[in-house]
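Trainee: TrEMBL lists these features:
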| type | residues | note |
| --- | --- | --- |
| ACT_SITE | 204 | active site, charge relay system |
| ACT_SITE | 305 | active site, charge relay system |
| ACT_SITE | 630 | active site, charge relay system |
| DOMAIN | 68-163 | domain 'Inhibitor I9' |
| DOMAIN | 195-669 | domain 'Peptidase S8/S53' |
| DOMAIN | 478-550 | domain 'PA' |
| DOMAIN | 727-819 | domain 'Subtilisin-like protease fibronectin type-III' |
| REGION | 1030-1057 | region 'Disordered' |
| SIGNAL | 1-38 | signal peptide |
C-alpha cells in the first residue's frame, strides 16, 4: 500500500506564478486493519474562464503514459451561472440542490459532453468517464504526448493524474452528546431528532450492510405527502426523502458486478438511502490476478475504513459493541437520526503500487453526491499539502457551492510541521485528539514497579518471565521489531516479550510472539507516538517514552524479573487531561498560500475510536478501535448534520465558522491549554454552544473564486477580482511573512444582535482591531473590520500564536491567530543575466526588524553545462534528434539544485524532465522557450536530465544549453551590500547583489537572512559575448554589465505593508 506522501510522477496542476503540486493522498487512519488507499481528483469544479485565461493557467507538471483526469475550462452544471450562448444558467440558488432532471440542466450537460468529445478527438483520446456536475471533464488513458498536448490546449484547465490515495469508546459520551443532559437532548431535539432530515455522504471504502449501525426498515412507496426525514420509494424504485432544507434527496442502491454480484441492490433501507461504487480505474489499472481475493466490485467494504467512518458520522444509536469477546458498552454515531449515502472509491489489491482510491473515482463520487442531494460529505482520504487547487479540492468547491458541508481529515504525518493537507478554505480540515484513558493496561514487574499503557486485552497474564525480543533472535528477520519468523521459540516460550514499534505491523508482532509460544507482549514506542488499542494475538500493553526505555533497561539488566499484564490501570497515577492532540495528527503551517491561511480548522476525537468494522477485513469482527484523522473527520461531518438539521438555511461556511468560534480548548498533559494552533486549529468541537455562535464569518462561491485568483491562478474573469489568502473571510488569521504593518480584512454576520467588543492576545505582536466595537441591530446584519499586525518583540522567523475574541450579547466568538515575523522579506527565487564576467543588480527587500540583519552567501556554484542542438519531436529518455540526456550527481547535504534548458531562440519551446534517484519525475513543460526546475534539499544521488525540443519555427534545429547546478559553499565570487542590512521595520529598500570574475555559464547561490525562515535562491547566467540565451520564464538580459532581476517566486509586494 502507498504511504502518504507527495508524488511528482504524472502530476498535473494549474499554471501560475508558482507551480501547483498534486499530492499522493492516503486514507488517514493508523490501524492494524490497514485499508486501501485513495487519490485526489481533478476539477474545474466551479471554475470558469475564457480560453485565453486558461491557456496561461495550465501547468503540465509531470507526464507519462497512464490514466488522467482532464478538466475543461467551462463551468460544470453545479456552478454554471450563464455566459454560453443558447444555454440558461443551471446553478441552483444558494444552498439548494441541483435538479439534474431539469431540461436545461440536461441540455447544458449534453453541451459539455460534446465539448469534451471535441477536445478528446483532437488527440485521438477515448473518454472512459465524463463529468458534468461537480467538474467539467473526463477521465482517460493517455500517452505522455497526449497528456502534454491536452495540457497545452486552451480549452483545458487542468490535466491531472488519476492518482491513488488511501483512507486516512464512545466518543459521543465524551463529547457530552448522549444522556439526559447531553447535547442531543438539550440542543438537537433528542436522539431521534439529532440530524433528522439530513443525509451524510461518505466517500471511502464502502460499507457493511449487515452492521447494526446501518440497520433500517425496508422503504415503502409514498403514502400522502412527504415528511421530513421519512424515506419513501419513488415510482422508478429509487429512495427519496424530504430534507430539512425543503429539498429532496433521491438515491439508489447500485447493483454489484463480477465479484460483487451478490450485492443485488436491495440492501439500502431507511438508514442507508443510497450506495454507489466507482471501480472503472481499479478494473482498468489492476489485473485480476493482482486484485485482493476478498475485494468485491460493489459498495461492500472489505477493509473496515469506510464502515468505521460512516458509523462514526451517522450510525444508529445504542449499538452494543464487543471486541475480542470483551464488551465495551453501547455507542452511537454523532448524528444518529441522519441518513447515509455511501460512495465507494477505494479498492484493495495485492500490489502496493496500484489499487487504492483513484482521483477519477473521487470526482465521480462527488459528482454523484451533488446530484443525489446530500447535505454533508466526509472525506477521510489524504490530499495535497502544498496547493489549495488540486483536483479533489476543486470538485469539493462545487459541493460547497451546492450547499454541502465538507469535512476532511488533516493527515497522519504529525508531529512534523507543514504536513497538513486539504488546505482549501471551503473544506473543514480536522485534526485528531485523544479523548479517553479508560482503555488502559498495566505492566507490573515483580520488583514492584508499574507502567501504564494502552490495552484492550481480553485476559490477563500473571507472573510470567520477560525477555527483550532482541535477546531472543532466531537468526531470521529483525528480532528487535518482532518481525515474522525472527523469534526463537526456545527463548520466548511462556514469556512476555518486549517488542520495538516500527516497520512491522503492530498486530503482526504479537502474532510472532504467539507463534513462538510467548504469552504476552509489551509494545514500546521508541519515540513518543500514538498508543493504539489493537486487537492483538496475545495480551499486550502499548507504552510511550519514558516508560519504553525504562522497561527495556530493567528487563535487560535483570533476567530473573517476572511480569504481569493487567487489563486496567493499577498505577494510581493521576490521569492526564483530555482531549490532547494526537502525535500522528498533521500540523501546519500550510505549505500552500505561503502560510497565509491557517489549517487545520478544528479538532475532534481520533484516537482509539470505537465504531463498526467489516467482518471481511477484520476476521469476523463487527466492531473495532481505529485511530487517525480519518476517525476525527466523521465526527465533524456528523456535527455538520446535527447543525444543518436545526439550521437548514446555514451555509457550509457558517457551519464551519460556528464550529471554530465556539470550540473548546485542547489540553496539554498537565491540563493547560495547548497554544499550538497549527496542531489544534480553533480547538475541539463543542456541541453545547455551536448552535449559538453569536457572530459568523460567512463566505460563498464568489469569495472562493476570488481566493483562487488571489493565489495566482488566472480564471480568465478580470471583472471578478481577487482576494489574498490572508484576507479570505475565515474565522482564523494567518500571516506567513510579517514585516512592517500588515492589515487584513474580515466581515462578520450577526446571528445574535448586540454590541461586541474585540480583545486580542498575540505575545510580542502589536495587534489593532478597527473598529474594536461592533453594534448589530438585527439578525443577518454584516459588519466589516480590519486587523493590523506589527511585530514588537516576538521572535523572528518563528510563528507567534494567539487569538482574537469578540465578546457581547452573552457570546464569545474566538478565532485563532498565527503570524510569523521575518527580519527581511525578499523574493524566494531571483535570476540575473549578463554578458559580463562581473556585474551587479538590485534585489528589492522589505525590512521586518529595526535591528541589523546579517546576510550569508552560499555559492555562486557553476552549473555543469552541455550544448545541444535538437529538432522537434516526442520526448524520450534517449539521446536522439529531439532529446538530450545527461546525468548529474547530488551529494548528501545539498541544500539546493537547479536544472535548466536554456534556448538560443526565444520562439522555440524546450521542455525539461528530471528523474530523481528514487524515480520521481519532475517536469517543466510550459510554452516558454526555456525551462528550469529548482529542488530544495534534493535527495542525494544521480539525477537524469532530459531536454526535449517540443516545437520550433518551421521545425528547424535549435541550439540550447542543458545545465545542472548544485549549490556549494561560499565561492568568494559574490557579495551583497549592505551587509548587515540596517533598515527600520517596515521600510522598503534595495540590496545590491554583485558577482565577479565569472566565466560564461550558469550559476546558483543562496542568500540567508538571519531571522528569516526561508532563504532566497539566486541564479546568474553569464552569456558569452555575441551569443543569445533565453532565460527560463522568458526573462531577457539586462543592460550591459548590469543584470536584470527576474522574480521567479511570489511577488514580494504581496507581503509588503
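Each residue, glycine too, has its Cβ placed from N, Cα and C.
These figures come from a predicted structure and were not determined experimentally.
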Trainee: Translate the DSSP assignment of residue 630 (active site, charge relay system) into the three-state scheme.
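Mentor: It is helical.
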Trainee: What does the structure give for the C-alpha distance between residue 204 (active site, charge relay system) and residue 630 (active site, charge relay system)? Integer Å is fine.
Mentor: 10
Trainee: By a simple count, how many Cβ atoms lie within 10 Å of the Cβ of residue 630 (active site, charge relay system), its own Cβ left out?
Mentor: 38
Trainee: Look up residue 204 (active site, charge relay system) in the DSSP assignment and reduce it to helix, strand or coil.
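Mentor: It is in a strand.
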Trainee: Using DSSP, what's the helix, strand and coil tally for the domain 'PA' (478-550)?
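Mentor: Summed by class, the stretch gives 21 helix, 16 strand, 36 coil.
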Trainee: Which whole-number value in Å describes the distance between the Cα atoms of residue 305 (active site, charge relay system) and residue 630 (active site, charge relay system)?
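Mentor: On Cα coordinates alone, these residues lie 8 Å apart.
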Trainee: So what's the mean pLDDT when you look at the domain 'Inhibitor I9' (68-163)?
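Mentor: 89, rounded to a whole number.
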Trainee: From the DSSP assignment alone, can you count helix, strand and coil residues within the domain 'Subtilisin-like protease fibronectin type-III' (727-819)?
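Mentor: Breakdown, helix to coil: 1 helix, 62 strand, 30 coil.
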Trainee: Comparing the active-site residues 204, 305, which residue's C-beta has the most other C-beta atoms within 10 angstroms in this structure?
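Mentor: When each Cβ's neighbours within 10 Å are tallied, 305 leads.
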Trainee: Looking only at the domain 'Inhibitor I9' (68-163), how are its residues distributed among DSSP helix, strand and coil?
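Mentor: So the counts come to 28 helix, 22 strand, 46 coil.
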